[in-house]
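Colleague: My structure is below; once you've seen it, I'll send some questions.
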Amino acid sequence: MLEINDFNAIRISLASPEDIRSWSHGEVTKPETINYRTLKPERDGLFCERIFGPTKDWECFCGKYKRVRYKGVVCDKCGVEVTRAKVRRERMGHINLASPVSHIWFVKGTPSRLGLLLDISPRNLERVLYFASYIIVDVKEDMLQVAREMVQEEYAARREKIQKQAEEKRIELSTQLTQDLGGMETAQRSTQRQIEEDYRRQRDELVGEAERLRERLEEMSGTLADEDIIFRGVTVVEEGELINDNTLDQLDELVEQELEVLEERRRRDLADAELLTDAERERKAYEATQEQERLQERLQRELDMLVREEKEKLEQLDKLKVGLIITENEYRQLRDVAPGVFRADMGAGAIRELLERHLNLDKLAEELQAEIQTSQGQRRKKATKRLRIVEAFRKSGNRPEWMILTVLPVIPPDLRPMVQLDGGRFATSDLNDLYRRVINRNNRLKRLIELNAPEIIVRNEKRMLQEAVDALIDNGRRGRAVSGKGKHRLKSLSDMLKGKQGRFRQNLLGKRVDYSGRSVIVVGPNLQLHQCGLPKKMALELFKPFVMRRLVERGVAHNIKNAKRAVERVRPEVWDALEEVIKDYLVLLNRAPSLHRLSIQAFEAKLIEGSAIQLHPLVCAAFNADFDGDQMAVHVPLSRKAQEEARTRMLSKYNLLSPAHGEPIITPSQDIVLGCYYLTMVRDGAKGTGKRFASIDEAMLAYEKGLIDIQAPIWIRMNGSISGKSDRPVRELPPASDGTPRMVIETTIGRVLLNSELQPPLRFRNRLIDKKGLKEIIADCYQYYTSLRNLSEAQLNEVRAAHGNKHVQELARIYGSEMTAQQADRIKTLGFRYATLGGMTIGIDDIEVPAKKYDIVREAEQQVAEVEKQFRRGLITEEERYQEVVRIWQEATKQTIAAVKENLNPFGPVAMMSTSGARGNINQISQMAGMRGLMSDPTGRIIELPIKANFREGLSVLDYFVSTHGGRKGLADTALRTADAGYLTRRLVDVAQDVIINIEDCGTEEGLWLHSADDGELMEKLQVRMLGRILAAPIYDKTTGELIADRNTEIDEELAEKIIAAGHESVFVRSPLTCQAEHGLCRMCYGRNLATGKLVEIGEAVGIIAAQSIGEPGTQLTLRTFHTGGVASADDITQGLPRVQEIFEARVPKGKALLAEIDGVVQIIREDEGVRKIRIVSTNVYTDEYPLTRGFTPVIESESDVYEGQVIAEGPGGEQIIARLSGKAFIQSDRIIISQEDHEERELVVPHNARIRVENGDRVMAGQQLTDGSANPQELLELQGREAVQRYLVNEAQKVYRSQGVNINDKHIEVIARQMLRRVRIEEPGDTGLLPGELIDSAEFRRLNNDIVSQGGDPATAATVLLGITKASLNTDSFLSAASFQETTRVLTDAAIQGKVDYLRGLKENVVIGKLIPAGTGIEKRLERQHEDLISEMARMLEEVQQAEKSAEPTTTALPTTNGHQAPQSDTDALLRARLEELLSGGNDHDDEEDSDHPDLSSL
């Protein structure tokens, strides 16, 4: 195996099938795990010993070979290699898949990597992979042409056939019509004949009948008719009428008429018959025509349909291209249309074939580049995304088809163990179930393929295999998650990595450790600052191995076994051994939650009886510990290096200052403060008041004799002078003969006692010492003793003797820390002693209710009654009434607090506790003795009924009920806040974890202006803000011009005072925000390390410190948004923790303020519907003057409009003056002025609840706030640029913390802000090979551009991007860091495709792979290694130069040695290295980063 520390970068990429097989020790073919009778692994199963190694050390499966002497032998019977059982943690197996399957990470991620590469939508890709659609994987172009021709021929034949059929039908119709018409002619003639015959017959009948009647009449002529004689219905002769010739004439007439009627009928019938025939003929002709037309239409339809079908089929053939997705129906049709032309398939096999055979990455990259150049909008965006993936594959050497698995790796069995439980049942890792499903399905698929099963069954089995592999890799990512017994979701390989319980966060970034224990803590008031009390039995367990060894060394036990027995029986000698052992070891104490680095500190252990750990009271603040049941963990650092680190860096006495703000964190509190306050109080009129003493000893004697009280004001003569202010009279005396100052001072014995415990340089403090005073003492002590000015050589030598020969600054820090620790311990002892002697207790009688309270309440009640009366009369609204009532009661509460304060006895224990800062404040005392005042309901709205009682008087039921709201909300808030603050800290740590001080100076000229104008209620004074910074430019005295300090000078307390005294209101300092270091920060830009008060050392992990400093006070911040009077208004802006998250996540803030988009003048517009608008008008006037000399005359009118290029004046010789810009021309006696007005307007709609900050006519700048609220940092970046946003982020974060009384130094927020603004987004890539829209580190961007410019190419352009801390963490260069933060699978997917290399520059990535972190003491090794690499590289470069010179100039060369003599060529190598070593060791303090990265070779 490779040596664990023998690499400095780690690469992740896709594994090829060959890689997977090369890792494997054999194929797993059976789903069995172990045999339940023999409890031995099954052969070829998931726990097979042949593949994964033996289950017992040095013993094969069958037992033929046992013992270590057969090491490396492979048993000929069972095939198991004789080796250690632990190989089962590292040996892998594999499964040969019967059908390729896709890797779900590359399919289901967003965006789908496979989909982007193949340009297939994720939905379609899924349909193909899960056997719902076909995808075309191959098209034969030559056969495609043949198929086209065949289709065309087929349709041509079909067209011909149809047309032929139509022609035949047409002829048939025509013949039919002719026949029909002929038949009609015949019928017509027959009808005419019939009519003629009928006519003749009827005529003959008529004539015959007439003849017969005539004959009869002629016979009867001259006679009278004996009856009516009728002819055809007409009476010719009536009865009794005479028959004569007239009668015959009449008959002839009738016959004539009848004949006419017959003739008429004949003509009519003939005409009708003809008409009927014509009509019938026309009908037949019409029907024939219709039929012809129908036939024509049908023909046309059929032809059109054929054309359409042909077109569709040809189109289908034309569309036939590799990668086309088709449904099953379409596949069948196409197969019929073009058999053998194409091949379509389903599943991962089809996709693999596409990737392997048809994806030309180089060609695709060129096409996408061209598309990016020519397209816009969504198309360009998509092309960029695709190009990014294509380029990733091209550069990384990964093959796209490796995203499809043909071989599945099987992880070692000991990483997915199977253990027997008590009841004989087995518990197994979920992975075994998931692997078993894969193997079962794979084996079934193999059998089905062998049996030539129907396609549909095989396809279904392939789909099930795909789903089984999906579940193994990432269960639940697609479809329903596979669940085991009891419905629980099986944990897949991805789940093993993801989340808090995943491999990264559970086992790599956080581990359980041996040599640790935990117990309850109790106070250890007699301990020194660097000590802790460790229970004996706990210590014995922790140091057991060491004690055993010591017992053997001392001869108490003969061997380790005896020693172990002795320890277990706790023989008396064991305790002596333990005492000896423990002297050499420090232990680490840790209290969870570890919110900052002071939550783990090192202590010397003192053995104590009992079972609780004793903790020094002064370190409680750092641990945030109290003694109400808190527990702490103890750890033993084992190695010599770890012990050394604990002793030099982690010992509690070296951690006196808070890294967040540089003030002491070892500050006396509570009892100690109370004791010191009691001691330094002056009680006028106490016993002995006014007495005078010649010396301190005399006064102490009087006190011990009981003549004076400890708090009595007395006069004492003493040597020395007052330190700071004095609250009692002081009279200076002439100095003593040796020059010692002397004075007579009014003080108390208590103050003398306190001062006697102070280090001499800190005396004499003659004032009331409260908590703040004690803090000052500690700070002054540290400052005094760490300043080299105040230390003698003897003191430094004393430290040297104890701590070795270190840098003088480091020695001063150690000495100062030790002196301060001693001082703190002395104050602690004194405070506890006098808190006890003073006997300050608190009882119910100490709380007196002031008589004024009742008057205040009565008056308030009257005012409220008056307001109610006005409301009932309708003079004020409900809202105004509510606001006024709340105001009255708030005022009453204020007055009550004042009355309570006034009423307090300053010497009473309650007042002393409050005013000294030991415990409690005036508000709490007021709740006990005054009135509780107004409460708010669960929404945060103030309830207008106050609680008029106090705790001394007792609350009524209603009062108590109203109080519960606030109490419950407080508890809920605290619980929520803790989790939120923890998560915020985690994100901050993640974004800043690689910010380490790496170099001395980055050489930047940039910096940050600090202005005194920014001083305010919430911001600290300029003098405080500039402390510990490094000047970015020289600073001079304003009046004399004398240099006060040069660039790169650290601003200490003295220099800060000088700068302020010189009247400077702004200082230009270096800042992490402007640091140009490529990785991490440089010392100069960071400045002072607040935890030591000295310039930061190389290797300090300032990013982590910044994150902890911001995150640790997070729990103190309020959670909710504030509601003013319960009514949501524009004031309802987020505060507290949510606001901090809003700032660091760069989110659009709630209640966002409107910002001016351009410089200009404001106009406020109010419209009818209550809509308000702000219009900003920007008018810029440009003028251009043209002198009229030598007889030039204008050719334009004054105040006329002219355009650019127009002639405005001409000279006597025809010379012309041309207008250079368009605008209005004004003619004066000797010149023409053209004035151009540039007019721009922006209109913004004001939200209805926003308060406008500007007035009509105000001038505003771009980026200025127009309404109340918080600005959106993204808009600010756009409008005002990077600097403005940096300033905004720092100031806004500080506002939140300062408003809660939390002090954090600006530079911590600057470190985080720098990380948020580290990236730039590429706009135009130039010749850099970057992609538009790509995010890249700004240092990398600068380096790339410099390289390109030096080669004469076009540089890229980019815009700064503001990322929230979560986004910034995920965009880090280290994939290990990003993957262990969030979205593990997405980060690893991208990193694998890109073949990313992690150079292990941050802390997390080194912790993950188990290397020393590149910070603190861990950076030394790294620097040594870089040093060696640099020397080797430079030596190589020099050799190359010499080789080139040699080949150009064939003379022997010699190099100058360090002393100037010539060295023969043979010694060159050794000489070169020695010279380079010398140069580099001399050049450690580089002024410029570039020097260290690119050494000047000319000097060699």
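Every residue, even glycine, has its Cβ placed from backbone N, Cα and C.
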Colleague: To which of the residue ranges 160-179, 180-199, 200-219, 500-519 does Swiss-Prot assign the term region 'Disordered'?
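Modeller: Residues 180-199 are the ones Swiss-Prot records as region 'Disordered'.
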Colleague: Pick the one among the binding-site residues C60, C75, C78, C1002, C1075 whose Cβ has the fewest other Cβ atoms within 10 Å in this structure.
Modeller: C78
Colleague: Applying a 10 Å Cβ distance cut-off over all chains shown, what neighbour count does D630 (Mg(2+) binding site) have?
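Modeller: Taking every protein chain into account, the count is 17.
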Colleague: Show which residues of the chain containing D626 (Mg(2+) binding site), separated from it by at least 6 in sequence, have their CB under 8 Å from its CB.
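Modeller: C620 - these are the non-local Cβ neighbours of D626 (Mg(2+) binding site), listed in sequence order.
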Colleague: So, by DSSP, how many helix, strand and coil residues make up the region 'Disordered' (180-199)?
Modeller: 20 helix, 0 strand, 0 coil
Colleague: Pick the one among the binding-site residues C62, C1082, C1085 whose Cβ has the fewest other Cβ atoms within 10 Å in this structure.
Modeller: C62
Colleague: Just to be sure I understand the packing, how many Cβ atoms besides its own are within 10 Å of the Cβ of D628 (Mg(2+) binding site)?
Modeller: 6
Colleague: Which whole-number value in Å describes the distance between the Cα atoms of C60 (Zn(2+) 1 binding site) and D630 (Mg(2+) binding site)?
Modeller: 52
Colleague: Which of the binding-site residues listed here (C78, C1075, C1085) have a Cα atom within 10 Å of the Cα of D628 (Mg(2+) binding site)?
Modeller: none
Colleague: Please name which of the binding-site residues listed here, C62, C78, D630, is nearest in space to C1075 (Zn(2+) 2 binding site), Cα against Cα.
Modeller: D630
Colleague: Which are the residues of the chain, C60, C62, C75, C78 excluded, whose CB is within 8 A of where the CB atoms of the Zn(2+) 1 site average out, their centroid?
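Modeller: Surrounding the site, in chain order, are E49, F61, G63, K64, Y65, K77, G79, V80.
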Colleague: When DSSP states are folded down to helix, strand and coil, where does C1082 (Zn(2+) 2 binding site) land?
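Modeller: For C1082 (Zn(2+) 2 binding site) - judged by DSSP and reduced to three states - the answer is strand.
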Colleague: Among C62, C75, C78, D630, these being the binding-site residues, pick the one whose CA is nearest to that of C1002 (Zn(2+) 2 binding site).
Modeller: D630
Colleague: C1085 (Zn(2+) 2 binding site): which of the binding-site residues C62, C75, C78, D630 is the nearest Cα neighbour?
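Modeller: Answer for the nearest of the binding-site residues: D630.
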